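Copied from TrEMBL, the annotated features are:
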type     : residues               : note
BINDING  : Val101, Val214, Gly471 : FAD binding site
BINDING  : Tyr441                 : substrate binding site
DISULFID : Cys395-Cys434          : disulfide bond
DOMAIN   : 99-122                 : domain 'Glucose-methanol-choline oxidoreductase N-terminal'
DOMAIN   : 267-281                : domain 'Glucose-methanol-choline oxidoreductase N-terminal'
SIGNAL   : 1-33                   : signal peptide
Amino acid sequence: MEASKTWLQRTIGSHRLLKAFIFLLIDMSLCYPSEPQGELPYMTSDVKEVAGKSFDYIVVGGGTAGCPLAATLSEKFSVLLVERGGSPYDNPLVLDKRGRVLGGSSAINGGFYSRASKDFVNSAGWDEELVEDAYAWVESRIVSTPELTPWQTVVEFALLEAGILPYNGFSLQHIEGTKIGGSIFDIWGTRHTSADLLKAANPKNIVVLLNATVKSIIFHGNGNATETAVHGIRFIKSDGSTDQTYEAYLNQPKNSTSSGDVILSAGALGSPQILLLSGIGPHKHLKTLNILHVLSLKGVGKGMKDNPCIAVLVDTDPQSRQPEPPQVTGIAKDFKYIVEGGIIPISFNATRMPIAAKIAFPVSEGKLTLNSTDPRQNPSVKFNYLAEEKDLEDCANMVSLLERVAKSQSVAFYLGVKHQNNLMASTDEQRKFCKENVKTYFHYHGGCTVGSVVDDDYKVYGVKGLRVVDGSTFLESPGTNPMATLLMLGRYQGIKITILLTLHFMIIRPRT
């Protein structure tokens, strides 16, 4: 079986014509329409409608990666997409900081769209041509070119004034200097989340279950004592109105050794939590909560990272300005620092104007553990911001750059205040400022990393029929922020799974 898998991967990697032919087997109406087509698929919050049913693929988490993944798989397979939150179309005012809503973090973030660097793509071992196709598929549906607001134009000049060069104009690429990025807000200010990508799904093949929280994964024996196999999922209502558990299953094709997968796309906090609740992870930790141990994978919940953020306010007092997402970014010092500015609401009638920077490649890391066996409860996460000396040193240098942007002549002129170049005098002062002001950038990653928990195909080690496709698999956060790459990854993995499975059936069922 392993030899067959290796042969399939080698075949796809080296035979472009074969891959092009297989692409024709996928409905090409999904590829590059000028605007989103179709309607959203059937959605329900009635768990009884889904309970007891079987599907080719079950995607857990209708977030940034989960929606494009489910939409792509539905072109050839039956798919159940389970989301613990509700629909953003029913309630556009989403306040959940973890993005527990259909569309995930793309429904609550700043909407800035920028691809991963070429180095990131190469280190991930992804097929560059397929990556390009997947990015383009996303961008043709939900990404727009922003028209800069006056404040964003000021931020642009401030970044250049601080020496973040060259000026790259509009670009979706991750390139050093100052640039205008893409946006998931259109020219009318309407946000287009990953949930909009479900319009590209085959409505006959997909069901979206909302307001349901996955409790654990169901395993069963398959006659192989050395391999654990996935049978389905257990889930409960998210609102806590009942603790009754429901189940949904994977289809078990007759006369075939291959079936679909349960794919976790619940995010860097959700996916490792579900694996732990299912008995996959460090044995000692699971034992403390009396969770039946299924498989020992010490990497589950380990290597948790977030990009340390430092922000400074350039306005002296709250004002009643129109909130603005970032449209411009500065990428500096060999891609080490990312700097952006925006206008954020602090109440219903007041805003502030921060300029923020993050360390792109922190070395400090932490871990995720369970507090409870209730999947509706948040896990315990410790990121250990600035714990390593290198991160603290990088933060001090970042503060120096951040000050030059925030205290630039461009910003002073816009605010109508006197320009003051009173920067922090010493490295010690900058380091102290970092320790006292570091905060999250909400770019969580790790917990199910490639090479530790999943292989290069995002399959969980030692388990048949289980994958993880989301930011928990990343060793670093790609680009200026991970949204674009997660959207791409969902599409990319959906196509790759379709190609591999199509090849598999072509080999075991040759035409006569």
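Every residue gets a Cβ built from N, Cα and C, even glycine.
Locations of recorded TrEMBL features on the structure.
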residue	record	contacts (Cβ under 8 Å, 6+ apart)
Val214	FAD binding site	Val60, Val82, Arg84, Ile233, Arg234, Phe235, Ala266, Ile274, Pro375
Cys395	disulfide bond	Pro308, Ile310, Ile359, Leu386, Gln430, Arg431, Cys434, Val438
Tyr441	substrate binding site	Asp306, Asn307, Pro308, Cys309, Ala356, Lys358, Asn481
Gly471	FAD binding site	Thr64, Ala65, Gly267, Ala268, His443, Tyr444, His445, Ser477, Pro482, Leu486
Quiz item: Looking at the recorded positions Val101, Cys434, which one has the fewest other Cβ atoms within 10 Å of its own Cβ?
Solution: Cys434
Quiz item: Counting each residue once, how many in the domain 'Glucose-methanol-choline oxidoreductase N-terminal' (99-122) are helix, strand and coil under DSSP?
Solution: 9 helix, 3 strand, 12 coil
Quiz item: So how many of the residues in the domain 'Glucose-methanol-choline oxidoreductase N-terminal' (267-281) end up helix, strand or coil by DSSP?
Solution: 11 helix, 1 strand, 3 coil
Practice problem: Using only the residues recorded as binding FAD (Val101, Val214, Gly471), report the maximum Cα-Cα distance in Å, whole number please. | Solution: 18
Exercise. Check the domain 'Glucose-methanol-choline oxidoreductase N-terminal' (267-281) for me and report the mean pLDDT.
Key: 98
